Amino acid sequence: MMDLDKIIASLRDGKHIPEETVFRLCLNSQELLMNEGNVTQVDTPVTICGDIHGQLHDLLTLFEKSGGVEKTRYIFLGDFVDRGFYSLESFLLLLCYKLRYPDRITLIRGNHETRQITKVYGFYDEVVRKYGNSNVWRYCCEVFDYLSLGAIINNSIFCVHGGLSPDMTTVDEIRTIDRKQEVPHEGAMCDLLWSDPEDVDTWSLSPRGAGFLFGKREVDQFLEKNNVELIARAHQLVMEGYKEMFDGGLVTVWSAPNYCYRCGNVAAVLKIDDDLNREYTIFEAVQAQNEVGNAIIPTKKSQMDYFL
């Protein structure tokens, strides 16, 4: 039996976790996540969090600002890993909290929770640097395949990492996807993780090379068809931490302050109360990113500028 509280304390301090412990954490997480649907039902009150991207110290600040997991319900909208230097610790910490408080944490898959993307944007290299092999990366990727694709809060707010898909316009259709796989390069599962809202008249190809751009018309149709009042998503850097669009029918939440340790943005989380009122909490980056755990060592592989 694993001592989750002890592992959580070690992860919060940035300490090394033995490979065997990571294997057991990931295996137990798969067993828990496989019993959740593609779209998880979540009650209020709940706090919605956007991209984390391996910024462990800022994730700890998020919990300080919004409340401990033992007393606060959270939805994380994906992109736990890549770009930041503590992707592994950030993801494992969230898995530990999920195992310790399964009804308090909902984890949604982002476009970075894939084998292909993590090989390019830092997570793979981080694991090899810390363990000398890629086993832990492989264990985590197997967990990625079991993460939910979305969540519904009180049957009124649809949460997703990226956005909408022209191939599936109802939540019930999304529930039918076979999610336990690497994210395809096209199709509804891909679109949910890759698409972006934009001031466009109709579905348009995304410059990202995956997913679509969608506008107010598509959002209004989705809200009406599914009898929900808000789409909450992440996936795009927002300098102010959050951005509402389309008469408040969609919001982007971004939770990685000073993204990539250089963008200068603030971060936000969105609390939804029992009456579905919205309350945004803004927070700034931790100044000394190497105060906890080992000093930061950048990955050797050059990383493309922000576009994923």
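Glycine residues also receive a Cβ, built from the backbone N, Cα and C atoms like all the rest.
Feature list (source: Swiss-Prot):
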- HIS112: active site, proton donor (ACT_SITE)
- ASP51, HIS53, ASP79: Mn(2+) 1 binding site (BINDING)
- ASP79, ASN111, HIS161, HIS235: Mn(2+) 2 binding site (BINDING)
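Feature map: annotations from Swiss-Prot on the structure.
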residue	record	DSSP class
ASP51	Mn(2+) 1 binding site	strand
ASP79	Mn(2+) 1 binding site	coil
ASN111	Mn(2+) 2 binding site	coil
HIS161	Mn(2+) 2 binding site	coil
HIS235	Mn(2+) 2 binding site	coil
Non-site residues, in chain order, whose CB comes within 8 A of the mean position of the CB atoms of ASP51, HIS53, ASP79 at Mn(2+) 1: GLY50, ILE52, GLY54, GLY78, PHE80, VAL81, ASP82, ARG83, GLY110, HIS112, ALA234, SER255, ALA256
Shell list (Mn(2+) 2; ref centroid = CB of ASP79, ASN111, HIS161, HIS235; cutoff 8 A): ASP51, LEU77, GLY78, GLY110, HIS112, GLY162, LEU193, TRP194, ALA234
Listed in sequence order, residues with CB under 8 A of ASP79 (Mn(2+) 1 binding site) and six or more positions away: GLY50, ASP51, ILE52, HIS53, GLY110, ASN111, HIS112, GLU113, HIS161, ALA234, HIS235
